[in-house]
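Database features, via TrEMBL:
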type	residues	note
BINDING	284, 311, 334, 382	S-adenosyl-L-methionine binding site
DOMAIN	293-384	domain 'Methyltransferase small'
ACT_SITE	455	active site, nucleophile
């Protein structure tokens, strides 16, 4: 066990939970001059509305670290004003913006490891360079991540683990991914977040476990587990994994993973269901904000609807809809084959009330996108920052003509077409299907609702204008979420409906006409 001067045996003071719900019509105050008082403790602030002056980052790494770009008014990024005006110009005047946890919100971090073993740098690249900035006291990180970073730093030094040298291609430890799970049913719900445990994934500079430096990897994993695992006094390490990567490009992870210590399965409770996430699959960094978004999405999906979930990842959105809205069918389409295992494990824990047709397909949704949304009333898209693929946008712009052709074509013709499209057949072979009692009513129908979740504001504006220009869709609702406090990023949830917007009905006058 580490002596107390090296690692605190108690968790550091937690960051506060603050909810700032701001109406677009409220003017944004000017940034106040520093210094500001430290954020109040968690016990004194819980889901309350606070003045803008207290919503300050107060991080010693600000400006040197590229992670955060906004120091004040974390609850309201400047981009919110632009978003409100944009949606107002499109006829949506009730745009809302939700901001919850402002500090300690990041539950997933990928950090570079550089420098000498006696003074390792664990952090992010300086803007525009590959110079790593050490960020041991990051205010965005969940407290358990900062604690795990400190333990890793001590392990590197004590075991003489050599951080990676990009210029020479030498060294042992290239990157570390730290993911926090707050899923702990043994604790009261109010205590689960702050007591989150960290899944540590060490990106090792070797081809596999047969490499000469594998013993050092095992020693580092054992050090982390011995001093932070379930048998330690502080117990904040969930598990330790290894990823093997020798490429000289900027891709963080290699294709080979190995579970070393701790629990293999990583669970989180989001959108009303238990979610399994492998270290190789995509996971949202701000899990609390993502949970809020999922519950908002559920409000726009009719009970018993059929849903196509494109860019689905491990199927979190689609499966949460299957459970909450008792969907008749949910079809998840994802290009990353690593997400399949997480999908299968999540399905095993779905409530017994889920009785629809559920499937996951390893496929590129931009290839023949019509085949993936056919038979669905609702299509959900959650693309990467670059936005929708052009083939998908083109298809959504011409949906009415495609729908007419689909209804006029016979079932036999559809089978012939499938045989000429090998990517469809391959996707079926790589799919996971869980059949319930329910079945599709109309396999030739096309969506009436498009739910667009966006992490890229500029790409969303482009896609939105293209969709509306075709007159195929109209924008009905829009919501913003503060997924990355301290930055100018904004997560958008936009609801599109087929056809033109119905004209607003004029209110009848309350005065009755006098009879002549």
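Glycine is treated like the rest: Cβ placed from N, Cα and C.
Features recorded in TrEMBL, as mapped to the structure shown.
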{"residue": "284", "record": "S-adenosyl-L-methionine binding site", "Cβ neighbours (10 Å)": "21"}
{"residue": "311", "record": "S-adenosyl-L-methionine binding site", "Cβ neighbours (10 Å)": "23"}
{"residue": "334", "record": "S-adenosyl-L-methionine binding site", "Cβ neighbours (10 Å)": "25"}
{"residue": "382", "record": "S-adenosyl-L-methionine binding site", "Cβ neighbours (10 Å)": "22"}
{"residue": "455", "record": "active site, nucleophile", "Cβ neighbours (10 Å)": "20"}
Given the recorded S-adenosyl-L-methionine site (284, 311, 334, 382), which additional residues of the same chain have their Cβ within 8 Å of the Cβ centre, ordered by sequence?
282, 309, 312, 313, 316, 317, 383, 453
Listing them in sequence order, which of the binding-site residues 284, 311, 334 have their Cα within 10 Å of that of residue 455 (active site, nucleophile)?
none
Tell me the residue counts in helix, strand and coil for the domain 'Methyltransferase small' (293-384), as DSSP assigns them.
29 helix, 21 strand, 42 coil
Determine the C-alpha span of the S-adenosyl-L-methionine site listed in the record, that is the greatest distance between any two of 284, 311, 334, 382, in Å to the nearest whole number.
16
For the domain 'Methyltransferase small' (293-384), what's the model's average pLDDT?
95
